[in-house]
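Participant: Structure in structure tokens, see below.
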Amino acid sequence: MAYVLKTLNSWFWWESLWIPANCTWADLEDHDGIVFPKPHQLYATIPYAFVMLMVRFLIERYIAIPLAKALGIKNVTRVKPQPNAVLENYFRKCTKRPSQSEIQGLAKKCNWTVHLVEKWFRRRRNLELPTMLRKFQEACYFLNISELRLTNCSFFVWFCLPQKPWFYDIWQVWVGYPFQSLLSSQYWYYMAEISFYWSLLFTLGTDTKRKDFMAHVIHHLAAIVLMACSWCGNYVRIGTLVMIVHDTADFWLESAKMFNYAHWEKTCNVLFIIFSVMFFITRIILFPFWILRGTLYLPSYYSSTIVIAYFIFNGPLLILQGLHLYWGYLVLKILNKFLFIKVSYSGFCQKVVRNYYLAYENEQVNLLKNERKGEESNLSMPYQVK
């Protein structure tokens with residue numbers, strides 16, 4: 001067994017897999033003040049992830065709940081269904097939404113009425129739905145973490161990277177590779193990002209399950225693989241740019257969610273529009289035409305032999321871009337729903353109100369005519385529009 005593990009380890013760290021042909025791992029040892037990323041440093045991200053889970057617990061309990069109460073979000077207590085082993089077993093193993101014939105069969109089996117069985121399944125389904133307070137707690141935590149990530153990103157952009165030519169010129173990302181020194185700020189940026197995505201994976205089973213649940217699972221796994229591989233192969237420069245692009249829009253989305261749960265519709269709409277603009281600029285424009293161009297196209301100019309890590313690194317990047325297009329489609333659907341449909345509905349309402357007042361004015365004119373003729377007439381209120 002030890003021999004098998006040793007063989008697998010030697011295959012995994014095969015130099016031709018990670019670094020160019022003219023380099024060895026010995027060349028990437030720290031020397032003369034030049035520091036390189038070391039794979040064993042990634043082990044620290046696991047305990048860091050548990051620290052982030054503790055931070056999440058504190059934020060959700062001591063910040064989110066008081067804030068939710070201040071915004072008028074109440075914790076609605078769900079009514080539990082009457083204990084029934086037969087129905088519970090059917091709910092877990094067969095289906096949560098039985099057909100009418102299945103309900104009738106279960107009613108006979110339990111000696112219940114059909115109405116009671118329907119009510120039991122309805123209450124049991126509602127019991128699994130997250131409350132508004134629970135959604136608000138999650139959004140509050142993600143907002144705080146997104147704010148920290150955005151602050152970290154802004155710190156990089158304004159203080160650490162302006163003097164780095166590779167921040168402005170994507171060609172400079174590969175100049176001097178793989179002998180590129182690691183910045184201390186890059187180290188902590190990587191540790192924080194990988195730890196955050198580990199913590200998301202650990203809580204996938206307890207978090208609110210949404211329609212794009214599998215997309216989130218794929219995204220988190222691809223992000224961890226991507227960051228870990230870029231760390232091991234010293235693709236830290238391009239990896240830093242990828243993280244900066246991804247950390248820009250999340251803050252606005254979580255802010256919009258929080259105000260949506262608090263029923264601040266106008267504020268939520270404004271924040272969501274800001275998020276949409278940031279999302280399409282960073283993930284639909286910059287990511288494919290700037291980042292992917294720097295990873296798929298430019299490496300061939302600096303090395304005649306492409307290492308296998310080129311495909312390992314670009315695979316998750318292409319997966320992320322596919323997810324970006326999928327989420328971009330969902331964002332456009334939401335924008336269409338609350339912008340264009342709402343505008344058309346508003347136009348319809350304006351037309352109805354205009355007709356309402358025209359009818360009222362016509363009735364007033366007819367009334368005056370009747371009064372001049374000396375006829376009695378009663379003024380009735382015009383029709384009401386729901």
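Cβ coordinates are placed from backbone N, Cα and C, and glycine is handled just like the others.
TrEMBL feature annotations, pasted as is:
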DNA_BIND  89-126  DNA-binding region
DOMAIN    87-125  domain 'Homeobox'
DOMAIN    124-340  domain 'TLC'
TRANSMEM  42-59  transmembrane segment
TRANSMEM  187-205  transmembrane segment
TRANSMEM  217-236  transmembrane segment
TRANSMEM  270-292  transmembrane segment
TRANSMEM  307-332  transmembrane segment
Participant: At a C-beta cut-off of under 8 Å, are there same-chain residues at least 6 beyond the domain 'Homeobox' (87-125) that contact it? List them, or none.
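Facilitator: Same-chain contacts beyond the flanks: 78-81.
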Participant: For the DNA-binding region (89-126), what is the mean per-residue pLDDT, to the nearest integer?
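Facilitator: Across the DNA-binding region (89-126), the average pLDDT comes out at 87.
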Participant: When you scan the chain for residues with a C-beta under 8 Å from the transmembrane segment (187-205), skipping those not six or more beyond its ends, what do you find?
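Facilitator: Cβ under 8 Å, 6 or more out: 37, 41-42, 44-46, 48-53, 56, 145, 148-149, 152, 156, 213, 216-217, 220-221, 223-224, 227-228, 231, 236, 239-240, 243.
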Participant: Helix, strand, coil: count each for the residues of the DNA-binding region (89-126), based on DSSP.
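Facilitator: Taking each residue of the DNA-binding region (89-126) in turn, the totals are 29 helix, 0 strand, 9 coil.
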